[in-house]
Amino acid sequence: MAKKESTNSSNGANRASSSVDELLLAALERNDTSFETGRYVVTFKEGAMEEGLQSLQTQGMRVADTRDFDNQALEMDSVGDADAVVFSEIGSALLGGNAAQERSISTFAEIASDSPILSIDPEYFVFADSMYSEFLQGRATQTAQGTSNEFLRGFLQATETIAKEMRENGNSQLEIEEEVQVLGATWGLNACRVPPSIRSGVGIKVAVLDTGFDLGHPDFAGRPIVSQTFVGQPVQDIHGHGTHTTGTACGPKAPVGTTPRYGIGYRSSIYVGKVLSNSGGSVGSSVLAGMNWAVANRCAVISMSLGGQGGVQPSYTAAGQAALNNGCLIIAAAGNVPGGPTGYPANSPTIMSVASLDSNLAPSSFSCQGKIEIAGPGRDVFSSWPRPTRYRTISGTSMATPHVSGCAALWAETSPNMRGLTLWRKLQASARHLPFPATRVGAGLVQAP
């Protein structure tokens, strides 16, 4: 195998067990403005996971397996000095940068036709909203190489500032519109025909992979919630993004007080996977760990309002296929880059991509386009928010995605056979047709049963 020139920090921050913050710091020290973490993701051929695991062990690697953890709830900081971590449910593995270099493994490696390995790719950073990646990419392209360190430091400071402002002050669009309260339900739920539906999502497991959730939110009092962190931080959401998306997908039918209804699958079983840190950033392996956990728990709907700009990544495609094979459907945000192509993981052919619509049912100006399967309400969406604020109105394909996920839970309730690819097809077949290209809205506006 060809050897890739080392760009690693001497502090070993690209170990398999490294935290998101450690990896960001290592990228800063390398003056690296790419989205690569310095580690690798190995994707195995379908059905060749066991053989792939053995191939890593044969090379003398210390390998951690998600099956060694209860419910495959892997915590990356618990793998110790492992060289690699195998996500057995979705057929991929994380490989530490040092371990890869010691064995001359890189993305340039020639893979034999009879190898259980399909691809070896860089691990990338992932974000709750493309404004993070857009900020970093935009600044990087305007920066001379000698000062890229300063811009990465600025990026890290910006994510913390954004998280703090969203928690404390919101932004100019974070306002509750009076007409929403008059209608008794948000405009998005009405557009998707949720209020008249007799379905509640009862018995359907819905996994929301995001920044966590406010576990003490009064609208969810007494509601069983299964939660797990994959970023080495408590599940409790201090960012807000995850509480907002969970609220739309699974929020109550009758919120506290006079608050309008904003949740769809109000009797669904909530699985909260914290795959994004408190600043809204993460790495591919944390996302894969969350996907692996959700599939292992057979969550019929897996909602992912996250991603980044770049090509199709084999590991996400494999995860999407594993989900479909096990009766699960992964639904992901297309991204918020005006005129830009659908980002990962939504651009994988095995993952349903969601575009955003405004209240006039027109494509949102910020919504990515290209590979789009369906659309949902994403402009000025009212939903839950961490205390003490409790509610916020924000915009993005991140907000459109849980509308589709919530409706998917309602459809899944209609039949035990309404799972995986069958559920995917039903969502598209039942969507409301819109007078816009499929590259902007896919099959149209998602509708509840």
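Just so you know, glycine gets a Cβ as well, placed from its N, Cα and C.
Around Asp210 (active site, charge relay system), the C-beta neighbours below 8 angstroms that are at least 6 residues distant in the chain are Ala128, Asp237, His241, Gly242, Thr245, Thr246, Val272, Gly273, Lys274, Val275, Leu276, Ser303, Met304, Ser305, Leu306. Per TrEMBL, the feature active site, charge relay system maps to Asp210 (among others).
Annotated active site, charge relay system per TrEMBL: His241 (among others), in sequence order. In the three-state DSSP reading, His241 (active site, charge relay system) counts as helix.
DSSP assigns Ser398 (active site, charge relay system) to a helical segment in the three-state reduction. Residues or ranges marked as active site, charge relay system in TrEMBL: Ser398 (among others).
For 202-432, the entry in TrEMBL reads domain 'Peptidase S8/S53'.
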Fewest-neighbour residue among active-site residues, criterion Cβ within 10 Å, set His241, Ser398: His241
